[in-house]
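To keep things clear, I will list the structure first and then write my remarks on it.
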């Protein structure tokens, strides 16, 4: 399917915080359990619409590799957005955010949009990390914050889409160099005009009314 | 089936014949078997094996089965004489994979319920069940050893059977020191290349890249071989390394190598010297690539691409074109883009000995497990899920059986070996240094006390009785990388006692190098800290010995110190 942009995301955070669940919830289990070992198990692409434009989100999950630091770092290269996830029922996953953030900031491009996700909001009775703490951490480090539940799907769509919106806005502002794929953004095949998309272009493609 | 396919299948048969005792035999349709011996041996890749395996087994089992159906399948595959006459691959798959959905003890209990205790007839069936149980115990003794409930259950069962039949016929089996387990923990071939007369330098500068690559690979393969299918299961299901020491050790080795690579570069005072070390590591990666040791390759490249190194513009300016080219080729090879497609392609093309990037394959397991349900809508076990997972595990198991194309040098291994103390005594690897330097315990503890005192004087000027975790890590980072992993991911400040026990452990690791060696490293660490005015006031002597190179290291690793 044709798309105007492709954004590359990564999902990071401690083991067991629900990264894969979030992704599966968002991509609606659209994935190919590939038997061919040469391709691996791949899932995590979905089309969304922002401002009337089709945007393909390609999401890379680091689940299973969290403790291999040199491996997780290799994901940062060429990512436009990152979901940094912790589990509200496990304080240690919140405590480790700084390490993850440092790693992400050190190894990604400086424009990468990072969203802080407090997952498992359905487990209110076992909560160890208050919402306010998450918000404070996000404020302090300039992140967008959201509480989600991969189980009930609460806020999952919003988490991915808001990150995409933020990236999209940065493209509009010309912050991202979209000609450089190392930034995690690719222009779709039907969009031959590279460069920051001005309001003129947006109007054309999206057919917006005003 | 076209010709190519049939050829592939028959090659497959041959290969599987040859690895039969390792528990990966594949039974194939009988019309192929007559041609088995006539085929010339060509080695199929694990991918080919797995692909064929999947199709064969799935045909037989269907997409889903109840637990009872799975068991029945197993029982029916044995004849009265205990010969496994069909479905061997399926049986292995069931024995390895059932515990992903049902605990082994429960599996055994259900199985024992099928045993017709009360019936005096049905001897045939009784024999079949016994043979199956014996097969399980012989092929996978580690499962029994680690699961008390299961072991007890089986023990009771054999007792009953023995009593009833008054014959020891059925009872020759449960022997936890069986063949296949020893296969896994078999002693690694001792290093015959080690020429005792040759004086071996332990200095990084004196080691050839190929020597480094060989020895790192030796360690890597050791760690890799110890990981059992149960470890993969536990990791995937509990998604944490806790209580999986063998896997943890492998992960730690990887991370330590990465860190060590950075340290070796950052330890050099001038950009030119750093570029030399960088170049040497690139040569190491080229050798690792030749050895097909992708895991260590990832660790070293990970170290070289770390921002602590990649930000060193001047150092990079001293790198030759060839080195930069090699670096970019390696980065490309290991890139995570398109789900590691380049790596996966290259890896699958490699035959013979190879060490996979464990993380990539663990990720596959985690992804599969996450994405597919254990049970289908009909309430039956999702066999195709188990089969998919099994493919990955089987592939990793097969790789553990390869013969490594390198040999080790004991002294060097000592320098590089991570010797994490592991709880059960039988887990202490045979390559652990066996002859620690005979240190008189009193002088050892005295020296360690001194070191601890030194560290606390420096990092705990207000005598709070502990130092911060960051400071602790700074001290540790200056030790040989084998010491880095002695401490698990603990939290919070470090007390006198913890520091002491750490140094005691580290002194054991470095025993051959001697405690003074360790001591000097700690001293260097303390000296190298860029001191603030306050510290200089407290420790004027240290401010005299600032080493420019090392203070650069510590500005990377010690950034938190003054904050």
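Cβ coordinates come from backbone N, Cα and C, glycine included.
These features come from TrEMBL:
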type	residues	note
DOMAIN	B:58-182	domain 'N-terminal Ras-GEF'
DOMAIN	B:208-442	domain 'Ras-GEF'
DOMAIN	B:447-482	domain 'EF-hand'
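Predicted-model confidence for the domain 'EF-hand' (B:447-482) is 74, expressed as mean pLDDT. Across the domain 'EF-hand' (B:447-482), the DSSP tally of helix, strand and coil residues reads 24 helix, 2 strand, 10 coil. The DSSP breakdown of the domain 'N-terminal Ras-GEF' (B:58-182) into helical (H, G, I), extended (E, B) and coil residues amounts to 85 helix, 4 strand, 36 coil.
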